[in-house]
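Feature list (source: TrEMBL):
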type	residues	note
DOMAIN	441-452	domain 'EGF-like'
TRANSMEM	458-478	transmembrane segment
TRANSMEM	490-509	transmembrane segment
TRANSMEM	525-545	transmembrane segment
TRANSMEM	557-575	transmembrane segment
TRANSMEM	581-602	transmembrane segment
TRANSMEM	618-639	transmembrane segment
TRANSMEM	645-664	transmembrane segment
Amino acid sequence: YFRSGAPSVINPLHTHFPRDTAVPGSFALTLTWTLPNRTTGVFNVTSPLPGDWFLAAHLPKDEGKISVKVKSSGGLYEECQYLFQPQLIVQRLVNIAVLYPGYVTEQSMAPHNRSCLYKVFVPSHTSRVLVEVLRCRGAEGCPLWLRVRAKAPPLHNSTALDCREHTPCQLALDLPFWQHWYYVLVEKHPGVPGTVSFQVTVQLTDCSRPSLARPPFLPSSASMNMPHSFGSAGGLALGDSPPPASPNSTKHLVPIPTASPTDEWCWPVRPTLRNELDTFSVHFYIFFGPNVSVPPDRPAVFVINLLPVLDSGGVLNLELRLNVSSLCGENVTVFGCLNHEVPLTSSDNTSITCETESLAGFLLSVNATASLSRLRIPYPQTGSWYLSLRSLCATEHGFEPCINVTAEVYLRAYLSPCINDCGIYGQCKLLRTNNYLYAACECKAGWNGWGCTDNTEAFSYGFQLLSTLLLCLSNVMFVPPVAIAVRSHYLLEAAVYIFTMFFSTFYHACDQPGIVVFCIMEYDVLQFCDFLGSLMSVWVTVIAMARLQPVVKQASAGKGCVLYLLGAMLLSMALQMDRHGLWNMLGPSLFALGIMAIAWTARTIRRRHCYPPTWKRWAFYLCPGALIAAAAVLLYTFVETEENYFYIHSIWHLLIAGSVGFLLPPRAKPSRRLGPLPRRKGCGYQLCVNEQEELGLVDPAVASINSICTS
């Protein structure tokens with residue numbers, strides 16, 4: 001997507017825009033690459049408009065897959081990395097001849113030339129541009145095309161006139177853009193031999209004066225305000241001399257006709273005061289406002305100036321509110337026309353359109369029935385925006401000028417980052433791309449659109465309540481592991497499970513995208529505690545399964561668990577570095593599993609049989625717990641998406657809590673000796689065995705061997 005003057009307002013998902021939103025157009029181009037080694041697309045923009053151009057590109061809609069991050073790639077899946085790097089090559093036209101209003105330029109077009117290009121500057125308060133080709137000679141008729149375009153050289157679809165069919169060959173442009181160059185292209189018809197000579201002249205209508213133009217030797221107020229190098233509407237600026245003639249053309253003064261009495265005047269433009277509050281937060285105040293009086297006989301015109309680049313990434317907002325008490329019972333309608341770079345002032349006071357053949361605009365209207373009207377323009381073009389207000393009275397035959405009724409309107413104009421601050425189902429974010437700052441909405445709970453107002457896929461209130469309850473109440477599954485841990489005297493593990501259950505419940509209550517949200521503290525604190533509790537639950541469970549020696553597991557005399565404390569510190573550091581990193585979450589878990597594997601392997605080698613030794617422990621506890629935990633990890637890794645998050649993640653809670661109940665070892669009872677075995681004659685050993693240790697429930701180190709010698 002590319003657009004001149006402001007970023008493109010793109011809508012690839014075809015969502016609905018908010019009410020009272022005007023969507024500016026842009027150019028869209030699809031570049032397709034079938035070969036992996038050919039990823040460069042080239043397109044031409046012939047005769048582009050001057051100023052800033054904005055390019056935008058987007059990828060297809062994301063599948064909504066949730067995955068933890070891997071430092072070397074995007075996640076557990078292989079993701080494609082896209083780089084959008086535009087390059088601009090500009091070819092400029094130089095030495096374009098300048099047309100001066102009120103002067104004739106003579107030109108001869110050689111046989112090998114197809115066209116001649118000119119430009120003329122249109123100052124402020126110009127209501128009409130008239131371009132005329134005179135004295136065309138050298139071929140039958142006048143085989144020339146006359147084309148005119150604002151700001152850039154004409155294209156094939158620009159305003160054009162065939163001089164063969166129109167005599168005289170005059171092309172008039174009403175309401176031209178102020179303070180811009182207009183380009184005039186005189187082009188020969190195909191197949192015309194020989195040299196064609198002609199004259200071209202330009203006349204400008206200054207709407208601040210009752211005449212079409214004045215001779216250049218007469219001073220005028222308008223000429224005093226114009227750049228001296230461009231001349232005035234009707235001739236040169238005061239004190240200037242006629243421009244010198246070029247080798248291929250000559251210039252001389254021509255008579256200038258006067259306008260008819262019906263020609264319009266342009267009305268004074270009232271400026272606005274700019275007050276910047278924040279990024280994309282600008283208020284435009286009207287002098288002696290915000291209440292504006294709209295007289296019945298003339299429009300009220302205001303100008304709003306938007307700065308280049310700085311203001312193009314927000315939303316231009318207009319609000320009109322009619323004071324009904326000022327109408328005196330008349331059926332009055334106030335129309336507002338917002339146009340870019342030129343005010344729309346028409347002699348037809350009963351017209352209610354804001355557009356012409358070459359000028360686009362936006363219409364607002366208020367009356368006694370609908371006294372409020374709003375208009376929002378996302379990513380507006382920078383420059384001058386003109387708002388023209390006029391009052392008309394409704395009759396049986398349409399609208400007519402009012403008599404002795406001055407309407408009062410409250411006018412508010414401001415620039416905001418997003419449309420209506422994205423509503424209650426969205427968040428307005430400031431984005432930066434290559435040092436360019438712009439704003440956009442990030443919607444939630446299934447809402448879409450530029451203002452998060454498209455409820456086509458929105459979650460209902462019942463659905464939001466159900467998802468919140470499922471995610472919160474699924475943590476109740478941690479109650480059985482807490483009871484098992486307390487019964488088995490694993491008090492530290494029980495405390496960790498309670499911590500996890502509490503913060504997971506309130507984190508998910510605060511993490512909901514809709515309006516069913518409840519936060520007991522800051523979101524970042526809840527998220528950190530939830531992640532820390534989840535990883536600590538895995539850590540303490542695996543360390544408990546390892547059944548380490550007290551000297552390793554504890555410091556001394558039962559003071560604090562060394563590995564438990566070490567795990568808490570390492571996990572806190574990892575989560576602070578990257579809360580969603582894969583290895584920051586997987587690394588501590590694998591480390592704990594490695595400790596358990598080493599402990600079990602050492603015990604198996606020392607005892608020379610598998611540990612735990614009983615098949616019941618494997619069949620009814622370890623294998624089911626491991627399968628449940630593996631199923632939970634698979635669901636979390638490969639199945640969970642943004643659409644099914646609320647029930648898949650609830651199942652994750654149930655499975656993880658259930659696996660803890662199976663994997664947590666039973667209570668470690670103190671060793672006790674059995675009765676002596678039948679003694680053998682001679683010197684021998686009596687082995688006192690703890691039955692709990694044989695079942696794989698007690699550490700073998702607590703079993704005692706007594707040496708007994710009999711004579």
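Cβ coordinates come from backbone N, Cα and C, glycine included.
Of the recorded ranges 458-478, 490-509, 618-639, 645-664, the transmembrane segment (525-545) has the largest number of C-beta contacts under 8 angstroms with 490-509. Sequence-distant contacts of the transmembrane segment (458-478) (same chain, six or more residues past either end, CB-CB distance under 8 Å): 425, 445-447, 497-498, 500-501, 504-506, 508-509, 512-517, 646-647, 649-651, 653-654, 657-658, 660. Per-residue pLDDT, averaged across the domain 'EGF-like' (441-452), gives 91. Remote same-chain partners of the transmembrane segment (645-664), defined as residues 6 or more beyond its termini with a Cβ less than 8 Å from a stretch Cβ, comprise 66, 466-468, 470-471, 474-475, 477-478, 480-481, 484-485, 488, 490, 493, 497, 504, 508, 534, 537, 541, 544-545, 621-622, 624-626, 628-629, 631-632, 635-636, 639. In the domain 'EGF-like' (441-452), the DSSP tally of helix, strand and coil residues is 0 helix, 4 strand, 8 coil.
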